[in-house]
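What follows is a single structure, written as C-alpha cells, with notes after it.
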C-alpha cells in the first residue's frame, strides 16, 4: 500500500509572548553603586549650594534625595579622616599633651575632682554619652524649676484673692461712710437755706414784747 504524504501543517503562533529567560533591563536603582565620577559630581553640586532634591533631579534621576545626602556624608567623613592622617594628627597630639593639664583643670574645679580623673572619665564615656547625660540633666533641672514656679504661683493666687477680698470690704465701708457724709452735707445745706429765707429774717428781726 503506497504511503500518503502529508503536507506540513502550518506552525501555530502563541497569542502570548514567550520569555527567553533574560531579565528585563532596568535603570540603576537608588541603592546601586556610586562611581568615582558620581562622587565628584555630587561634591561639586553640593559645593554650589544646591539642596538634595535639585541635585537628585539634575544629576541622579535614578536615586533619591536621601541617598544623595547619605552618600555625601560618607564622602565628607572619609575626606576628614584622610585629612587627619600623618602630620596633622601628630601636631594635635603634641599640642594636647602640652595643654591637657590646663584644659582639664578648669573643668575639674567645677566638679570637685582631680583633673586626671576628669580627663580619664571623659575619654572613657565619649562625647555622645556625655552629651546625652548633659541633656537629661538639663531636662530634669527645667522640670524641677517649673514645679517650683507652679507651687509659688498657687501661693501668689491665694494672696491675691485675700487682697481682693480685703479691698472689697474697704470699698464697702468707704461707700457707707461717704453716704453718711452726704447726708450730713444735705442737712447743713437745708439749715443754711432756711436761715437765708425772708421769713426767717423777718422772724429774727421782730422784737419780742415784754
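Our numbering is plain: 1 for the first residue shown, then up by one each step along the chain.
Backbone N, Cα and C atoms are what each Cβ position is placed from, and that goes for glycine too.
What you see is a predicted model, and the numbers here were worked out from it, not measured in a lab.
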Original post:
So which range, 1-34, 35-68, gets flagged region 'Disordered' in TrEMBL?
Top reply: 1-34
Original post:
Given the model, what does the mean pLDDT over the domain 'Myb-like' (26-76) come out as?
Top reply: 88
